[in-house]
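Student: Got these off TrEMBL a minute ago, pasting:
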type     : residues : note
REGION   : 1-24     : region 'Disordered'
COMPBIAS : 1-12     : compositional bias 'Polar residues'
REGION   : 47-117   : region 'Disordered'
COMPBIAS : 47-57    : compositional bias 'Basic residues'
COMPBIAS : 88-102   : compositional bias 'Basic residues'
COMPBIAS : 103-114  : compositional bias 'Gly residues'
DOMAIN   : 152-273  : domain 'MI'
DOMAIN   : 316-439  : domain 'MI'
Amino acid sequence: ILSLSGNLSDSFPSGDEDNTFTGNVDNEINGNWISAPTGSIHEARLKAKVKRRLRKNSSRDSGRGDSLSDTGDVVRSVVPPTSPKGKLLNRRSRMGKGRGLPKKGGAGGKGVWGTPGQVYDEDKVDVKDPNYDAEQENCVYETVVLPLDEETFEKTVTPIVQEYFEHGDANEVAELLAELNLGSMRGDVPMLAVSLALEAKASHRELTSCLLSELCGCVLTAADVEASFHKLLKELPDLVLDTPGAPQMLGQFIARAVADNILPKSFIDGYKGRVDCEYARAALDRAAVLLRMSRWTGLRIDSLWGSGGGQRPVNQLIKEVNLLLKEYLLSGDTVEAERCLRELEVPHFHHEFVYEAVIMVLESKGNRTLQMILQLLKSLCASTVITVDQLRRGFERVYVDMADLSIDVPCAYSLLEKFVEQSFDTGVIDKKLRDLCPCRGRKRFISEGDGGRLKLSSY
């Protein structure tokens, strides 16, 4: 410190502040202590300023290879700049060794499971592993399905039975039930199916009887079926509230089950003298009567419910339609005719009903039949039992067959025109269907073969 003060006192002449340093002194430039003469201090400051500017712009300036000359000027390098990102993407060795092949033979990198074609063997169990358990070597893991409770059972099985009423495939129902863990609810499957069938159509009851026969042996046992019918007899007072004819229908189910050998013959005899409920007594009496009739008169219990809907042959459906129309012409009960038509369960075959009705009008040649058929068609169309498409198809079939019908009924064309016109006036058919009605061409009154005589009657 003393030497520095001595140098400073010698280096500062009075009145000359510009030449502050005349000798070698220690100065700090950008944090570095340098020893420089007075003339080179200014050059060092310029160089430091240029360096700071280069470091500040190095991230966005492309001149990373710039350097400074001895005079302080910026000298640009001829070598193009390189990006550190490019070095990272380069997969070749940075040590200058190797043949430029991928690392690890192509088995390395993200998302790579090994070299192409490599087959991994099963891992061998290490006996010396502290987590090794000898009891787990022969374990078999299976999916555990929890048993259904009462609420879950009804929510799960009810849609299966209702879908069966639509497709009629008992094998599909058996497969769906086999996937469920019914547990103690297995015996309630026949009970649920019969309860749903009591509120359904006759064809659905026939499908239910077939379903019980198919399920017994593969999904259900005879004991399950017998237990279900015992429960149904006990719950008959509640079933009658929703279905008044439940005792008779349940008796038919019991008789059908005995005939199909899924219910023992001693089932009915076991209740003799031990039945207090009048509904259960009526069901058992109905079953006993049907079984005696099948044994004595040859009654076929397997067709007790009848064949439903489109499963019946066409000839049988045509006979039932004709019988329905004849009964209507005798009674004149439109409501009963509508109910019988619904029970046929053949909405796709209603065009045959319209066709047969129009044919009856043409063959009767009377105004009473025409008015009754017209009233029936109007009622069925208003209640949408017969759709517009089925009605149109029925009339069009009559139009096509008029050439053959006129042979048996000579005045068929005039009767058809009268019926079609009145149907249009009452709103049964539309104008387009009325205009399609065929009309017989006008016959000449005088022909050459008649010798010029006038024909008094024409049609």
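Count begins at 1; order follows the chain as displayed.
Placement of Cβ uses the backbone N, Cα and C atoms for every residue, glycine included.
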Student: Helix, strand, coil residue numbers for the compositional bias 'Basic residues' (47-57) per DSSP?
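Tutor: Helix (H, G, I), strand (E, B), coil: 10 helix, 0 strand, 1 coil.
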Student: For a three-state summary based on DSSP, what are the helix, strand and coil counts in the domain 'MI' (316-439)?
Tutor: 100 helix, 0 strand, 24 coil
Student: Over the span of the domain 'MI' (316-439), how high is the average pLDDT in this prediction?
Tutor: 90
